[in-house]
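The annotation compositional bias 'Basic and acidic residues' is assigned in TrEMBL to 236-248. For 263-275, the entry in TrEMBL reads compositional bias 'Acidic residues'. According to TrEMBL, the feature region 'Disordered' maps to 229-289. Annotated transmembrane segment per TrEMBL: 70-93, 100-121, 167-187, 199-218, 325-347, 359-379, 391-410, 422-445, 457-478, 484-507, in sequence order.
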Amino acid sequence: MAAASQKTPLLGAKTPVANDNAAADTLVVEPMSRNVPKMFAYNFMDGASFSIWQAQVLQVLLYRLDGNKAVGWVSGAAGAAQVCAALIAGYSADVLPKQFVCRSAALTGLVGVVISLYAVYALYSPLFYISGVIWGVYMGLANSSSEALFADSIPSGRRADIYNKKWIVQTICWVVGYLMCMILFLKLGNDWTTDTMQAILYLGLSMHPIALALLTSLKDSDALKHDTSVEEQAAESEKAKKAKEKERRFKKSAMSARSINAAEDEISSTADGEDERGNAAAQQEAAEPTALDEITAQEGELANEQFSEMSLRQKLSACLSWRTVPYFVCFGDFIMAMGSGMTLRFIPLFFVNDYNINPALMMGVYLTVSFGTSTFAAFARFMADRYFGRVPTIFAIRIIGTTFLMYLAVVPTNTPQSALGVMLFFFIARNSCMNCTFGMSRSVVMDCVPKKQRGRWAAVESFSSFTWAGSATLGGYLADAHGYKYTFLITAVVHYIGSCMLLPAWIGSRKLEAVVMQRSKELRATKALEAERARNSEAQNDNA
């Protein structure tokens, strides 16, 4: 605590101060940056708008126009544009004001709204391709810059909790969109007619400028002025431990030297009256190395051995250190996204074409997925915070969700096991599991990287999270050639591989998780202490 008290207090950070008894340190939680609620509001409106016009209804409309390949190509165009924009924005966000990139993204999104409205009116496929490219550029710019600015607005140690709440907000907003779609479908006939789908797309697109205005409200001046990553602070803690150990060894050697010197003084004081044999023995002893020399030599040899061993371990386990955790997490997300692209856009078409599901039921299913994702995200955050850590929790949940998708792929058709109710249950469970971990995985990456590189890593995360759009092109051809279940099977295999990329990150993140879990524990203790003080203050006021 003494070392921590020397650091500059952070906005929204935990500052050690003496408690009433001056026997221990407590933590004071300062106000959070204004960018945090602004980001929550932007994510809510952006997600609600997308859930109305871009989620299921657009895919069915494109399928009615040009089939599965059109769905894949529109998603592929958006994905390719987003990759390019994310790479540019990731670099720009680290050298230019992030609010400038956010406002550029908002302007791009406004152009996308205009072109998309005309494409829906004209029902002309090439216009959907053009609008897909523009929306891809918007998402690449907006996600990279806003996520980097958001990460700069949260102190290390609280990032996991805030990111999880942000992901819950992003999930709940889709509930609003699905609910509005359900109401509109029920009022307009509950059928996949072109006129009904056009009306819903008009509504969703007309809401999007509100989200774009909120995006422009994010400011660099509201970010934290000073912050360090958990990795940097944990490294400082590791250096402090090594210095303390070195000091302990020095004190131990000094104490041994004092003991030996005292013993030698006592021997020399009693040796004055001894004969020449005693003097010769004393001279021989003086010529030999002292015990202090032996101890020092032994400690030096031990230190050299430990250094050699540590150097060897570092060379052998360099790929398992926490500095490589962001690479493994992002690479795993990239593989997962590539697999999801072949399936995500075609699951609604699978239920519409193979099971003749009506629009209201489809929206109800996705409503349930949104609630399930929010519930699973809160539960996953609790388990990660109290018991397992974030990376192990993400790994376990992804394996479970992938297994549910494998069931959808391998269960025989026209059997009780493939009844609509059973398939919908496994679909809801699969999506809830796979979607609930994004907030935690992003918080792990942002905790591991320094502030000056967060724009680039936000771009990489954006690149990973939305690369599924690029693989959707391949998914369209596979669905036409082999059916939807074949794409589910390939996606499940790819997801198992992507989940295994978290195993080295699991090993490398152990020190990181120890720091984060300790900070979470301290924060809970601080909140409990503040609540107790508030109750005591109220009781004193009542007595007065």
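Cβ atoms are placed via backbone N, Cα and C, with glycine included.
Keep in mind that what you see is a predicted model, and the values were worked out from it rather than measured.
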Beyond the flanks of the transmembrane segment (167-187) by at least 6 residues, Cβ under 8 Å: 40, 43-52, 55-57, 196, 199-200, 203-204, 358-360, 363-364, 366-367, 370-371, 373-374, 377-378, 435-436, 438-440
Stretch-level contact, the transmembrane segment (325-347) and the transmembrane segment (199-218), CB cutoff 8 A, at least 3 pairs: no
Distant-in-sequence neighbours of the transmembrane segment (422-445), which means Cβ under 8 A and at least six residues beyond its ends: 147, 159-160, 162-168, 171, 325-326, 329-330, 333, 336, 340, 347, 351, 355, 365, 368-369, 372-377, 380-381, 384, 390-391, 393-394, 397-398, 400-402, 404-405, 407-408, 411, 416, 457, 460-461, 465, 495, 505, 509, 512
Chain residues in Cβ proximity to the transmembrane segment (199-218) (below 8 Å; excluding those fewer than six residues from its ends, i.e. six or more beyond): 35, 38-39, 41-42, 45-46, 48-54, 57-58, 61, 98-99, 102-103, 105-106, 109-110, 113, 116-117, 120, 142, 146, 149-150, 177, 180-181, 184-185, 188
Long-range Cβ neighbours of the transmembrane segment (100-121) (under 8 Å; 6 or more residues past either end): 53, 61, 89, 92-93, 127-128, 130-131, 134-135, 137-138, 141-142, 144-146, 149, 198, 201-202, 205-206, 208-209, 211-213, 215-216, 218
